[in-house]
Amino acid sequence: MGQDNSTPISLTLNHWRDVRTRAHNLSVEIKKGKWQTFCSSEWPTFGVGWPPEGTFNLSVIFAVKKIVFQENGGHPDQVPYIVVWQDLAQNPPPWVPASAKVAVVSDTRRPVAGRPSAPPRPPIYPATDDLLLLSEPTPPPYPAALPPPLAPQAIGPPSGQMPDSSDPEGPAAGTRSRRARSPADNSGPDSTVILPLRAIGPPAEPNGLVPLQYWPFSSADLYNWKSNHPSFSENPAGLTGLLESLMFSHQPTWDDCQQLLQILFTTEERERILLEARKNVLGDNGAPTQLENLINEAFPLNRPHWDYNTAAGRERLLVYRRTLVAGLKGAARRPTNLAKVREVLQGPAEPPSVFLERLMEAYRRYTPFDPSSEGQQAAVAMAFIGQSAPDIKKKLQRLEGLQDYSLQDLVKEAEKVYHKRETEEERQEREKKEAEEKERRRDRPKKKNLTKILAAVVSREGSTGRQTGNLSNQAKKTPRDGRPPLDKDQCAYCKEKGHWARECPRKKHVREAKVLALDNXGSQGSDPLPEPRVTLTVEGTPIEFLVDTGAEHSVLTQPMGKVGSRRTVVEGATGSKVYPWTTKRLLKIGHKQVTHSFLVIPECPAPLLGRDLLTKLKAQIQFSAEGPQVTWGERPTMCLVLNLEEEYRLHEKPVPSSIDPSWLQLFPTVWAERAGMGLANQVPPVVVELRSGASPVAVRQYPMSKEAREGIRPHIQKFLDLGVLVPCRSPWNTPLLPVKKPGTNDYRPVQDLREINKRVQDIHPTVPNPYNLLSSLPPSYTWYSVLDLKDAFFCLRLHPNSQPLFAFEWKDPEKGNTGQLTWTRLPQGFKNSPTLFDEALHRDLAPFRALNPQVVLLQYVDDLLVAAPTYEDCKKGTQKLLQELSKLGYRVSAKKAQLCQREVTYLGYLLKEGKRWLTPARKATVMKIPVPTTPRQVREFLGTAGFCRLWIPGFASLAAPLYPLTKESIPFIWTEEHQQAFDHIKKALLSAPALALPDLTKPFTLYIDERAGVARGVLTQTLGPWRRPVAYLSKKLDPVASGWPTCLKAVAAVALLLKDADKLTLGQNVTVIASHSLESIVRQPPDRWMTNARMTHYQSLLLNERVSFAPPAVLNPATLLPVESEATPVHRCSEILAEETGTRRDLEDQPLPGVPTWYTDGSSFITEGKRRAGAPIVDGKRTVWASSLPEGTSAQKAELVALTQALRLAEGKNINIYTDSRYAFATAHIHGAIYKQRGLLTSAGKDIKNKEEILALLEAIHLPRRVAIIHCPGHQRGSNPVATGNRRADEAAKQAALSTRVLAGTTKPQEPIEPAQEKTRPRELTPDRGKEFIKRLHQLTHLGPEKLLQLVNRTSLLIPNLQSAVREVTSQCQACAMTNAVTTYRETGKRQRGDRPGVYWEVDFTEIKPGRYGNKYLLVFIDTFSGWVEAFPTKTETALIVCKKILEEILPRFGIPKVLGSDNGPAFVAQVSQGLATQLGINWKLHCAYRPQSSGQVERMNRTIKETLTKLALETGGKDWVTLLPLALLRARNTPGRFGLTPYEILYGGPPPILESGETLGPDDRFLPVLFTHLKALEIVRTQIWDQIKEVYKPGTVTIPHPFQVGDQVLVRRHRPSSLEPRWKGPYLVLLTTPTAVKVDGIAAWVHASHLKPAPPSAPDESWELEKTDHPLKLRIRRRRDESAK
């Protein structure tokens, strides 16, 4: 080893593949990085002489191994590595140098001298023999320890000594009696491993086995293994590697394996491991077996009685361990999830080697592949390249010969790029240099231009004072005017010396005018004005800023802290430069605090206060004589804003605060203005239950304007400060909507929880109905207190599990909030919030109601009303209620409280003296509503006014004209009638009276009146002699009841208004008073006007013990309304109903004597796909009238037509008319009048069927002088005249339906048909003229042969050979041939099938709605011989899927098919599919396009599977068709087919094992003859079945299925014709033919014969063409003659 400078660690790394293979042979897993770390860094620190370069010295290896395996402070993760080191030293491979091998041998034979061991210390605790094995039972008894061996055996190192039985080690050393021992107490290196089964002496026989003794695992080992490894579900590789190493190194027993399974795995994981292990039990042939006896023998679930001191016992234990490890690996396999692997991306600062380890770990966790195997190297390499950092990825993708690079080579290349990356400082320096260089390039042209300008100025200034001459003689220069130059101290004005001209006393000084100089002409000019400066505190430091409104950003000269990454280019007078921005800085201005980022410009003369900060501070600059002054904006004005539905509050007069300050002092903790937000302390957190199958929904936040975001920010911040909102991370998200409060610029946050409300379970709403809430308030209680709870919903806590449902996005960069927020209290907008709060508050206030019966407490969600008969009771009750609310944690709004008053406002009502009034604010709201212009505005008006309908008598009558305008489907036209109704409602609202509160101790009286289809009434109670109104009721009757007689409409009105009155009376006695004898009508109802169900409903409501009817009265309060004022006289309702029942008083239903008798009937049936109908009239001997009716006429309609025609033909006569139609009979006698009275409308307000025929019948019924319409049974066999006449009418109806004479209309009587009179003699044409006439007629109509023949027959022309001429003309029409469809009738042929199963398959894709795992296609294979079907769900419809299923499913189970049939889909014609067929020798037959009948068997199976899946989904309630597919296949494979055999029986020769199959054959030899007999019989049965089916499938005599021959001209069908495009194209020349398809010239694919038809013969003589001319109104028609004709 010393000659080649190689070390043991370098040798192992250079031959790492061999080392890893050796580790696999030892059933352990090692990694290269950890191998190097443990050898060079970890083991040298143990202090046993391990060198950093490694060693093969067994003494040192065993010393390290002892520390690794020790009980306390051991290293379980290093066990596989030291075991492999030991194996390398004991069994050195060839690449270990000879010197190392010699050193090993010499080292193993040389005893190591050790220090004498010190005498053992006395134990602290007494020795205990019982070992705690957790919850596992005691292991089976093992033989006692044998005496110490006389000579050392070859176990452990050769020089190691066997341990003395009196000196226990292993797990016993970890017990309390051995815990003080030190590993260093041993005299030499110890090779013993702490094993559950360890050798205790020499074998008893020379060639016997070494006896073993059981040493259980210690609790510390189990705890370390449990805590130092991740769970099996998170990372199966960790525990799998641990147990593999334990199985090899510790040799655990069956009990130890169960203990490890129980400690290290969960119940579900343990069951999965055991199940997978039992699947991997090997049989005698070395393959996994399914025999239960062999499985139980090799892998028992109960404790076996194995003797581990025998060879058989040890062999069984070895098999058990191997099987358990195989089950562990099988359970560790996870479904392939490559998406998780693709999510592993290299971090910005992550080394490539670490990234590769993470990537390979992801492959192990999320795929069943081994990333270190050779087969997966390419996939791992591609993932490593594709998921690396962008710069590394770019470099690796440009490598040449990338396919030849290994993973190690790729990591090396990636490391080069990684280490060449620039640091953050280098990057900033580079960016700075680039910015400077960019700035220099930009300023270079400017500097050039500036240089030119300066040069021009200098040259211009120099040329102004020069002369053209004397350029070289400077001494001779003189002024231009010839005056001598002045001396230095000479005055230019007076020429005296001693002063200058500006100081000359002789010069007259002119007073300068005070003007404002706009330029200073180069001088300093006037003194500048004082500049406005302010001092602000930035991060605690006062800084004086110069206010500069021209600066866009505020500037600091020093950063005063950290500088952010943001940079800005500043353009100045000397050029541009890049300057940084600071991070957020805190500014204090008086009581305000603002955070702001400043631009740092060191060259700036002073800090600047720019427009950005001035705007944020709302600064104001004022200029005065003292100088400019800067002031900061005041606080925003606060406005009170109400909801839209509470707009009436804007018109309410301010209620003077009646709260005595003593109330605020007595109860300081209940008022929201003082105590803050409340919290219900006795209500548990609310748990929101989701619907079954609900999945998280994330709705993106809507765009929000800056103004709106700034408006709702204070509200969000307030809730954050109070803890009502908290940050969160949730898969749920709903948008936040800023709603602007009307009349102000303030916004409030409203969360759109509609998607959440859809996915949350509904609960029954228990919120009281405000309509009848005040009914429980006694009128004698006239002292009231009204309390309004503040932030009511926020008083209830929301369970933490339900809080993520209500998350929303919120970003506030100034406060540092970015992400999601959610509510910790019950949110507003949640559909169940009112019900949940109402129930919680009701439960909390239940004790108060029980302890205070002297007051009445009404609760509507968060609005409370306390009522009492006296002031003292009201005051005491209010005080106790406030105390109770304070104790419960609720808060009351002091501003809205109304305490101990006689007049209060509650729920929009004014309560006073036991009555309720409409508040003036509500009236003002309705009065200020403008005239509606849209249907929605009409609905809003009716909704707002409808709230006050109890105070408006006859509201439904007043609003009736407006209801049609609420529909969006009709045009909105506002007429005078609508305006009057609109004004009348407002006028009635102004005069609304006071309504008395219902007194439940007194009876009620309900006055009813019905006018114009509207039920009106007034509910009253008596007060002395007066009747006080409680409520005015009105409602519109339904369309059916509106058509009844007046008496019956009164019954419907009573039933309708009694329902509304019950909401106020709460089930008290009610007396009904009307102007009709209602009780007699209800008890003896007419059977012709209403159905039994409706009458039963009315009787259940009205014939009640609490409802009584008073005698009819002429005057009642309901008639005081502004309608007809005439009094209705008292009448007899039975007489009026009798008069209004029929349409004709003398109409009889019994035959009249001595008058003619007619029989009518109607028939309707379907023939040739069309519904035909006919109607006749017979008199018993002959047909009076008969006609066919238009196609699609029903039998009921035909009956009405026949009866109407009979009545018309009998005009002015006496007649008996029989009909067997109950529909026609009832319409004539009863229903017709009812239909007409109600406007021929159904109960839903729609037109009834056969409306026109019913009106015609009602008109015709008055035409005869006397008439009797009698009903007779149909289809009678008797010989009486009625039965005979009915049968003749039925036969005549069928004959009339098949006739060609169609009744044009049914509203006018039909005259009897008279034979046509021959007026003129027909004219005969020659054959040529006749053919020309037919040709011209066909060009005008383009009719077919039959219709054209009928048309010609109606003319007065005689044409020879008419039929042949018509056929010839129609067959030669080119337009008809290109457009008309053709029906082909051919003999049914036989499809080609296989001669045995698995030979001929048909395959097809069918699309189904998306199912589980994204499967939305079904790939169906069907064996044409047996009908056996195979179906596979797929995500895509590709050729790879087809090939995969053929190779993996069809070939292994059925063999290589000879023929595959499919359509021309892309997945079947692809090169991959056809190439596979070629390689396997499969004849892949592609069917003709647009001919699904060619794949009829698989297409029919597609339909069968879909229908079966639909039925199974309806039966089981399941929605995933993938789960139901096996059941559908089971039904398809076991459904009898054409021969009465199922596909299963044809394929396997016997019935499916669904039912009990009789005796089973065992493995005993006695059953071999029986088994042989069964097999022989099976072969015979299957052969007979196959031969019979094969004989049936043989093709018969070959017939010509189509008439097309080679050389024919044919037309080909267009399968997708466009608008106004011919159905056929062509003509084409036939080139080749088969029995079913034709090959034509010009089309590449074969065309099925059903898609062809013969081309018409073209006219050989001439053709016409249409040409366009230059004139826009002219066209040129040109005739061209065929050249061949010439």
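Heads up, the Cβ atoms here are built off N, Cα and C, so glycines get one too.
What Swiss-Prot says about this one:
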type	residues	note
COILED	407-444	coiled coil
COMPBIAS	419-442	compositional bias 'Basic and acidic residues'
DOMAIN	543-613	domain 'Peptidase A2'
DOMAIN	1152-1298	domain 'RNase H type-1'
BINDING	Asp1161, Asp1290	Mg(2+) 3 binding site
COMPBIAS	1316-1325	compositional bias 'Basic and acidic residues'
DOMAIN	1393-1551	domain 'Integrase catalytic'
BINDING	Asp1404, Asp1463	Mg(2+) 4 binding site
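DSSP labels the residues of the compositional bias 'Basic and acidic residues' (419-442) in these numbers: 20 helix, 0 strand, 4 coil.
Among the listed binding-site residues, namely Asp1290, Asp1463, the Cβ with the most fellow Cβ atoms inside 10 Å is that of Asp1463. Helix, strand and coil counts under DSSP for the domain 'RNase H type-1' (1152-1298) come to 59 helix, 39 strand, 49 coil. Under DSSP, Asp1404 (Mg(2+) 4 binding site) is assigned to a strand (E or B) in the three-state scheme. The DSSP breakdown of the domain 'Peptidase A2' (543-613) into helical (H, G, I), extended (E, B) and coil residues amounts to 3 helix, 39 strand, 29 coil.
Within the model, the domain 'Integrase catalytic' (1393-1551) shows a mean pLDDT value of 86, rounded to a whole number.
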